[in-house]
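If you check TrEMBL, you get these features:
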REGION    16-69  region 'Disordered'
COMPBIAS  27-37  compositional bias 'Low complexity'
COMPBIAS  38-49  compositional bias 'Basic residues'
REPEAT    200-242  repeat 'WD'
REPEAT    331-372  repeat 'WD'
């Protein structure tokens, strides 16, 4: 068979590439056989409601339509047409059964028994990694510390998670796209061998964020597209109140709290950044962007500095004392939508992520009025 010039050139390219890979001598990590079999945690099936008899219309029964039945039918159609109204409110689950409530309350008391209100002090481990190969080997030897391969803490995709800042109890809290708040006692085991997991459904839509209050770690706040910001009290193991937004409805995408816990800043899918002081009824709205603001974060040290990330491909820094004048301190263009913009605990560095697959680090200048690019790290930001 006579090969064309194209086929000859293609085969030559393949040979050259194979020779190049051999010369590079790229090391590969051997697949380490698993010595233990991890359990797969399968949530227990929920009790099914008994089936009700099928309804038969008056027409099939040969009867004339009843006026009251027609009215009830129209009411049901109206509720289906507007799913965010009365029916949605009845779909939340704010309480557990008596047994689970008692168990969760005891778990919360354990986590709160030694309050941790001081910031963690950075400690050097003393471990020295001399090469990438040594780091790869160390990472390959990491193991899951519990017997389950995965734990189903929430029914649906997790959108945010936090660990309670306790020194004695490893308690994970997570929220999902269906409005559930889940608690997982990471080191706990049920008598039947299952993980210790509890679930509430405080919202009827995607929960977008959750935070422990900086001034009181026994309080957890959650926000949702259903327009509510709710507070869970770990001492009582129940929800205690909603943030009063004067009956306004917002598609809340993210929120942050001042260090004293009195002020709440949250963003919306309409490009708004909104300020609420919990001690007053006033709600301040600021239309800062034209597209969705997906992240808002107060500088933990310089509390007047606010960073936001938007779908308009920008991260920006604002002085909260000058929002009414809409005077921006700095706006930084990214390749695609900015998905997050967070300050470091020391308040001197801003980190941003974008769908352009870069993590960017910016230094805050001495005058606290601008940011300077420190590093841009390539990373697949589409993975979560």
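Using the three backbone atoms N, Cα and C, a Cβ is placed for every residue, glycine included.
Using DSSP to sort the residues of the repeat 'WD' (200-242) gives these counts of helix, strand and coil: 0 helix, 28 strand, 15 coil. Proximity of distant same-chain residues to the repeat 'WD' (200-242), defined by a Cβ-Cβ separation under 8 Å and at least 6 residues beyond the stretch ends, is recorded for 84, 88-89, 91-96, 101, 104-105, 108-109, 111-112, 115-117, 159-162, 164-166, 173-182, 248-261, 264, 266, 269.
Counted with DSSP, the repeat 'WD' (331-372) comes out as 0 helix, 24 strand, 18 coil.
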